[in-house]
Amino acid sequence: MEDRYRKILQRNRTNLVRDLDPSKLYDGLLEKGVFTQDMIDEIKSSGTRREQASQLVRDLETRGRRAFPLFVECLQETGQQGLAELLQNEAPAVQLQPATPTQVVRPVLHPLPVSSPMDVDKRKKDEVPVYPKQIHSTTPTPSPEREYMRPQGRTRRDSIQTYKMDCSPCGHCLIINNVEFAPQSELSNRKGSNIDCDKLERRFKALNFIVEVKTNLKQKQIKHELSALSKKDHSQYDCCVVIMLSHGTEVSHNRFPGAVFGVDGQYVQVQHITNYLNGQHCPSLQGKPKLFFIQACGGDEKDHGFEVSPDEVEPSIGGADDQTDAIPTSSSSDSLSTSDELDARASLPTPSDILVSYSTFPGYVSWRDTQSGSWYVEILDRILEENAVTHDLVTMLMMVNNEVSQNSAKGLYKQMPGSFNFLRKLLYFQSQSSS
């Protein structure tokens, strides 16, 4: 769908969710190829009329360039003229196609005959029988956008639903920013982390989250804040975000690698952090996306990278003020000095609807500029600002990965972010009200 049409739907989402009768649209949208039967069935199963309307509008944004005018046409055909005019007033250039000609699309889906009737006798004589590859005809009617289709053999994007993300506010966002560490922890203060914190606080407020910032927490205080967040009633919200800005280390794990330090030098494993918000410990977040952003080291190794051709890289922005969030020791190599700890909650069910984004690949250091903040947060903030309206979260994180990988610290070291993704659907943030 063109960006201008997507923005029209987003601006009018409230009216559409309030007034739309999706049950009247299903046959028309299916007949015109806007949605597949599977998608219609999933929308119907999403709940009440309002929930079905919300999901329908959200799914519509992922369709092709003809989806918007065909949707408006369906509104007119089903007597929902008020909504049709509301959308048309903002898109006067929309050319509505008559309902009848759209039937022409259907014959394209029928597989062409492999052989003509005259070839039947020849086929009987052939040693090797010819089996028509007509399995494709059993797939649901494709959407009107040909350019949006995946290459043959890959999963089609239109088979993936999107999370409901239209509550206002969208949900809670907890930021834990550890800057000043106790001397006995043997961890250095994290200069530049306040810059990261300010950026992310502004960004997630712009994404319509209730943001709460906690600074310089010990291990037990981190656990207390996570426990308090898990005990909140999230039933009126669509999503929950936790952001950890601290030193980190690599520990043994069963699910999510790494650990984050409190200012007292005691760490909390990332997989324990996620457990506070899983379906078992926070029922009001069941089926809703839980997002964790970890700006901390995943270990002590420094990545020297590898040589590539000049046209594959862009100028790096790392400087002499770059620091790592690894564990410092008596040597200058930031070597690992804390023993590994086993997971005490290995019996929990597999986490669904959880995404953990790491600033660095597990086992490696994460670089932070004392003047401008960490590479990861700086680029994540900009990517969200520029793309949150039009791109889903996983796509944006790939953009972050690509840009961070182009940087180099002290002209030598590299960094590669990554994520563990257990989301079941695409996630689109709400339109940003401010930057």
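Using the three backbone atoms N, Cα and C, a Cβ is placed for every residue, glycine included.
TrEMBL has this to say about the protein:
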- H247: active site (ACT_SITE)
- C297: active site (ACT_SITE)
- 329-339: compositional bias 'Low complexity' (COMPBIAS)
- 1-90: domain 'CARD' (DOMAIN)
- 133-152: region 'Disordered' (REGION)
- 304-342: region 'Disordered' (REGION)
DSSP composition of the domain 'CARD' (1-90), residue counts helix/strand/coil, works out to 66 helix, 0 strand, 24 coil
For the domain 'CARD' (1-90), the averaged pLDDT of the predicted model is 86
Across every protein chain in view, the count of C-beta atoms other than its own within 10 A of the C-beta of H247 (active site) is 27
